[in-house]
């Protein structure tokens, strides 16, 4: 390059850079990209040593892409996206179901094996390429560009029903401003002068009745739609308005929202933990939770559920992680971010579990005392009618102050003496352990079990308001990430005002979400939760892993990370990306498919006459709809592959960013200068001195290398790595 150019002068000057992108680009000679050797359309058999996958690291501001105001906003956004409702009502349930404290061991191991490495991978590719999910995987390997489209579609499916849950929380939030709470007692029906308890409520419980009848007004089967539930429709509208306002300005608005929506749930969790520990029975609940059942660790099902929870807890495959990281500077330490966010997510799950079991321990003690009182009254009745002899009652027992231990002793004596007729007495054992073993997850935990516990709190409306406000914020943080995973790839591909796109997406989503606010809507929420995300997301993530580690090459990717971060990542990641993570994901896919084939496809329908749930199989049309969700979410993967393999659609090379084109043109100019030197000096290419600083080649785990001064942003890598060449050709 001539020494009097602006670029050369800038390299030898201490003055601040003031040239515009147009000034820099004007110095370069025009070039036909289609005929260039750097074109993305290289044949798999061609070789181009030293070429890289990722864009040249030019100043971030030059591509006009928005950026986070500060690092804290970005971390809070990633935390808000990964920490969601599942941390509160899914993780505690799995902990209780799969061995208590013993479950934490496989969970933490799998967090290290697949969670942090794959989270780091998504952060790195998003930050380096500075595009959403569609643009990133078009750049990595155009034939697998369907990965981004599938991510977007799964985000759409999940966002549709996830915001319905936020709508439910909004309804409960406004209902909490009453004393007593509306779900504290069963409603009373008056028939003339006679007052009777609502039969449906009496057969279940006050909180269960309020959830199924007052909130959902649910039908008895998925076949009976029952029409729209206007209360839930209004709540869903409010939820979508909140989401729209949070993301309408992109990261400029969502970043500000994250300060509150990400931090406030921790305030509530700590308040609940302190309050819970002060209540009777809280220690029983926590002790039950963390008493390890080590034999559970030998069951494959425990490891499968732990892997699934790790997978979804970090939001892998949704595109939200990539979208958020794409607004970072290229030299941001995304390795630190991956470890930090993953650990925060894990600690949050532990904190939420402590809170849940402290409250459920209190609830179990209350219910056990209630059981003792009710059964003691039955025993008194049997004593008064002569069915039982008073000699059976130990002399130290006082019915007016009957403890659980005294009742257990009396229960054991009666059961032994009246063995033949004991079953007809209808006495319950009232064992605290049985109450603690009642595993509740999902909406049942939040809207039934937890609400019932809060009715026994002093100042119960305050705690109810705080709890559901926390759920709203947890859901909102996840929805912001989900919406960003949808809008960012679209904004990268099309020139649309983000405000218009955001409003259009929210309006369309609200209209489609009316499916979930019918009286039968809860059954569709269950269907989407079971089928729309699980298998498609696992396939998406394993293809992400394979495309980077095996198609592009782990060594090349590690070298790119070293250029970007300024240090070489641990060789641990090399082995995880190349071998361990893909193997674990394959096992997870196989286990998921087997479970879907073995487990009956159905839902828990509410039977009004019985006041309880009953499992029902999906009718043929609903089963077809469930499997269609999987097919539609995964369909872009083969379609894009076939279309690009046969050159039916563009490979995306015409959508390169300004900074990417600029970096490519600078590298081309370097090659032209090398050609000129070879012509003048009559040297072979290998003999001509390179005008650029030598690159440090990554030699794989345990490799050694000389440390040379490599100026960031002046790499000799040009265009796209020949992704068809084997990694051994480094």
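Backbone N, Cα and C atoms are what each Cβ position is placed from, and that goes for glycine too.
A TrEMBL annotation is a machine prediction, not a hand-curated record.
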Task: Per TrEMBL record, range annotated transmembrane segment [choices 47-70, 191-214, 263-286] - done: 263-286
Open item on the list: Among the residue ranges 74-92, 378-396, I'd like the one that TrEMBL describes as transmembrane segment.
Closed with: 74-92
Task: Annotated stretch (transmembrane segment, per TrEMBL) among the listed ranges 500-519, 660-679, 680-699 - done: 500-519
Task: 531-552, 707-728 - the one TrEMBL records as transmembrane segment - done: 531-552
TODO: Name, in the order they occur in the sequence, the residues of the same chain whose CB lies under 8 A from the CB of residue 80 (Na(+) binding site) and which sit 6 or more residues away.
DONE: 258, 261, 262, 476, 477, 478, 480, 481
Open item on the list: Please give me the CB contact count at 10 A for residue 478 (Na(+) binding site), counting all chains in the structure.
Closed with: 28
Open item on the list: I need the neighbours of the Na(+) site defined by 80, 83, 87, 345, 474, 478. Which other residues of that chain put their C-beta within 8 angstroms of the C-beta centroid, in sequence order?
Closed with: 79, 81, 82, 84, 85, 86, 262, 265, 348, 477
Open item on the list: Check the transmembrane segment (531-552) against the transmembrane segment (572-598) for contact, please; criterion is three or more CB pairs under 8 Å, pairs 6 or more apart in sequence.
Closed with: yes
Open item on the list: Restricting to CB pairs under 8 Å, which listed stretch, 104-125, 306-327, 462-488, 500-519, 618-643, is in contact most with the transmembrane segment (232-251)?
Closed with: 500-519
Task: The one of 83, 474 whose CB sees the fewest other CB atoms within 10 Å, among these binding-site residues - done: 83
- [ ] With the transmembrane segment (500-519) as the reference, find which of 146-174, 263-286, 462-488 contributes the most Cβ pairs under 8 Å.
- [x] 146-174
Open item on the list: Counting a contact as 3 or more Cβ pairs under 8 Å, with residues at least 6 apart in sequence, do the transmembrane segment (618-643) and the transmembrane segment (306-327) touch?
Closed with: no
